[in-house]
Amino acid sequence: MVLSDLDIKEPDSPESGLNGSDDMVREHETESKGNLYSQYEEKVRPCIDLIDSLRALGVEQDLALPAIAVIGDQSSGKSSVLEALSGVALPRGSGIVTRCPLVLRLKKLEKEGEWKGKVSFLDREIEISDASQVEKEISEAQIAIAGEGMGISHELISLEVSSPHVPDLTLIDLPGITRVAVGNQPHDIEYQIKSLIRKYILRQETINLVVVPANVDIATTEALRMAQDVDPQGDRTIGILTKPDLVDKGTEDKVVDVVRNLVFHLKKGYMIVKCRGQQEIQHRLSLDKALQRERIFFEDHTHFRDLLEEGRATIPCLAERLTNELIMHICKTLPLLENQIKETHQRITEELQKYGKDIPEEESEKMFSLIEKIDTFNKEIISTIEGEEHVGQYDSRLFTKVRAEFCKWSAVVEKNFEKGHEAIRKEIKQFENRYRGRELPGFVNYKTFEIIIKKQVIVLEEPAVDMLHTVTDIIRNTFTEVSGKHFSEFFNLHRTAKSKIEDIRLEQENEAEKSIRLHFQMEQLVYCQDQVYRRALQQVREKEAEEEKKKKSNHYYQSEDSEPSTAEIFQHLMAYHQEVSTRISSHIPLIIQFFVLRTYGEQLKKSMLQLLQDKDQYDWLLKERTDTRDKRKFLKERLERLSRARQRLAKFPG
């Protein structure tokens, strides 16, 4: 939809008669005007009202809303353009005039509506009933925020103007770009200003309005270059040429080429306006009169009159264009905004769940609250020790980590017993030489067999205890993480849970270590069921016979020179190794699972439930971290804003 000049300003000057003065024309104008306002109310106003309502809800604290940012080099005419659009005078002077971002919210009223304004900053609101007060209030607001000097601030100043003579727009006036610090300005003033500007123009929800004097080389304009950096295709950038009356004679055609988008291309193109000059301001020329003079200037200008006819010139045409651009931009960004609100709502909901519910005031309610928290914690502990807990995509369950340690233990046992035949035979020969008694050659010395077995088993005791400590640490850390997950916001409860986790760990680890060492003491009693041992021995002998057969088939085979007793001891050792390795590699993990996994978890569960017996401790246990209550309140407020915003968007007819 396209808005006309009538939506912006109703001139009462003689020039208004240029459109016809007879009664038929006036009647037609009145009818057209009524139809236009009807269309405006039906199509344009709902879009503006939607964004205004979201802004009133405070959604801007969470997400960027569609707006227009006005940028330009220092003294490019930014403030003059904003004055002409808003109908109010803004601070002027040399150096940096705009020292804080100024959010100018213009709201068009019906013809009978009265002008009103409001300045908001630093949690202050100042109602204004006279447009002449605006300049003074904005200046005082800037001093209150940025101080008396020439520094700038990121703190926003909001100016709301409601009037029948303004377009529906949201404009953000940003400080003019300066390159050299003067006077008491900070030495890095250029960097500060550019950082502030970039913060706004980076947002995809922002239309960048770049103000450039018509009498300068547009290619050298810093503001246009910054806009191009963040919007290379010019999809959301509009160029505004000012001061056309200062253009050197003979260069007018170049200005026309720029406005017609033939020099520095922008998809949204350019407009050209003529605002009040310094002399006109000193002579107190009203903004209404300035608009009339602007139109006459373009109508009478040989080169620029065509731009007026094309709708590319004057403040009213600019206001119409900006309103339409903002409406189109709102419609374009609404789906994205809706998705952002939905995603943010979901994220805040999940974050709020981490902080739980508010702590109740009633004692009975406190007990139920504590029961709920401890019960949830205990359920996850039990799920964890049973290997059924929920984990992230890149995390592993506790039992998976523990099983990995058990697999390492099995490999250690295998490696210990799978020594090479020569090494074992050498060891047997050494024992024969040292411990052989009065036996004749060929008799097996059972003592030699026992000593070798005991020696090979006992060396596994300390590795078994080391594995116990490793597994216990893994389990203790996991239980502590579960405590942090459920109790992190209640430091006394979390500290109590960690204390119990540590105490029970120490107790269960000691019990497990005693059992492990007891098991290795029992393994010093060389024993195996007869039928089991006979079966193992038979398997070893069959295997050796098969290997001997393969060796004899080899042409280069040479018989090993060994005593029959040595060979027999070797076979017995291998048979017993087979059984004892199976026993140790399985039984030690069973001991660890029983004491430092299952019993550990069950004891922790019982110990946490015992906390419910002392009602005097409820307040202490449920005491929250200092910032938790404030954080929960903050998240609830955000969630409420976003919920209401989703409702508004759902009802929007667009």
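Cβ atoms here come from the backbone N, Cα and C positions, even for glycine.
On a predicted model such as this, the values are computed, not experimentally measured, just so you know.
Feature annotation from Swiss-Prot assigns GTP binding site to 72-79, 173-177, 242-245. The Cβ neighbour count for S75 (GTP binding site), using a 10 Å radius over every protein chain in view, is 15.
According to Swiss-Prot, the compositional bias 'Basic and acidic residues' annotation covers 1-12 (among others).
Swiss-Prot lists 23-32 (among others) with the feature compositional bias 'Basic and acidic residues'.
The domain 'Dynamin-type G' annotation in Swiss-Prot covers 62-335 and rests on sequence analysis. Taken as a whole, the domain 'Dynamin-type G' (62-335) shows an average pLDDT of 87 in this prediction.
Positions annotated as domain 'GED' by Swiss-Prot: 566-654.
Per Swiss-Prot, N-acetylmethionine is recorded for M1, and the stated evidence type is similarity to another entry.
The feature region 'Disordered' is assigned by Swiss-Prot to 1-33 (among others).
Within its own chain, the region 'G1 motif' (72-79) has Cβ neighbours under 8 Å at 90-92, 95-98, 173, 176-178, 210-213, 221-223, 242-243, 275, counting only residues six or more beyond its boundaries. Taken from Swiss-Prot, the feature region 'G1 motif' applies to 72-79, supported by sequence analysis.
Per Swiss-Prot, the feature region 'G3 motif' maps to 173-176. Across the region 'G3 motif' (173-176), DSSP helix (H, G, I), strand (E, B) and coil residues number 0 helix, 1 strand, 3 coil.
As annotated by Swiss-Prot, region 'G4 motif' applies to 242-245. In terms of DSSP helix, strand and coil, the region 'G4 motif' (242-245) has 2 helix, 1 strand, 1 coil.
The region 'G5 motif' feature in Swiss-Prot is assigned to 274-277. Long-range contacts of the region 'G5 motif' (274-277) within its own chain (CB-CB distance under 8 A, at least 6 residues past either end) are made by residues 77, 80-81, 83-84, 242-245, 285, 287, 290, 293-294, 297-298, 314-315.
Sequence annotations record features per position, and here Swiss-Prot assigns region 'Bundle signaling element (BSE)' to 336-361 based on similarity to another entry. In terms of DSSP secondary structure, the region 'Bundle signaling element (BSE)' (336-361) contains 20 helix, 0 strand, 6 coil.
For 361-528, the entry in Swiss-Prot reads region 'Middle domain'.
What Swiss-Prot records for 362-624 is region 'Stalk'.
Among the features that Swiss-Prot reports, region 'Disordered' is placed at 544-563 (among others).
Sequence annotations record features per position, and here Swiss-Prot assigns region 'Critical for lipid-binding' to 549-552.
Contacts of I177 (GTP binding site) defined by a Cβ separation under 8 A and a same-chain sequence distance of 6+ are given as I71, G72, D73, Q74, E190, I193, K194, I197, E222, A223, M226, in order along the sequence. Counting every protein chain shown, 28 other Cβ atoms lie within 10 Å of the Cβ of G72 (GTP binding site). Across the domain 'GED' (566-654), the DSSP tally of helix, strand and coil residues reads 79 helix, 0 strand, 10 coil. Long-range Cβ contacts of L174 (GTP binding site) within its own chain (separation 6+, distance under 8 Å): A69, V70, I71, T98, P101, I193, L196, I197, Y200. Note: K78 (GTP binding site) has non-local neighbours V70, I71, G72, T98, D173, G176, V211, i.e. same-chain residues 6+ apart with C-beta under 8 A of its own C-beta.
Look at the region 'G5 motif' (274-277): DSSP puts its residues at 0 helix, 0 strand, 4 coil. According to its DSSP assignment, K78 (GTP binding site) is helical. Sequence-distant neighbours of P244 (GTP binding site) (same chain, 6+ residues apart, CB-CB distance under 8 A): A214, V255, I272, V273, K274, F297, H301, F304.
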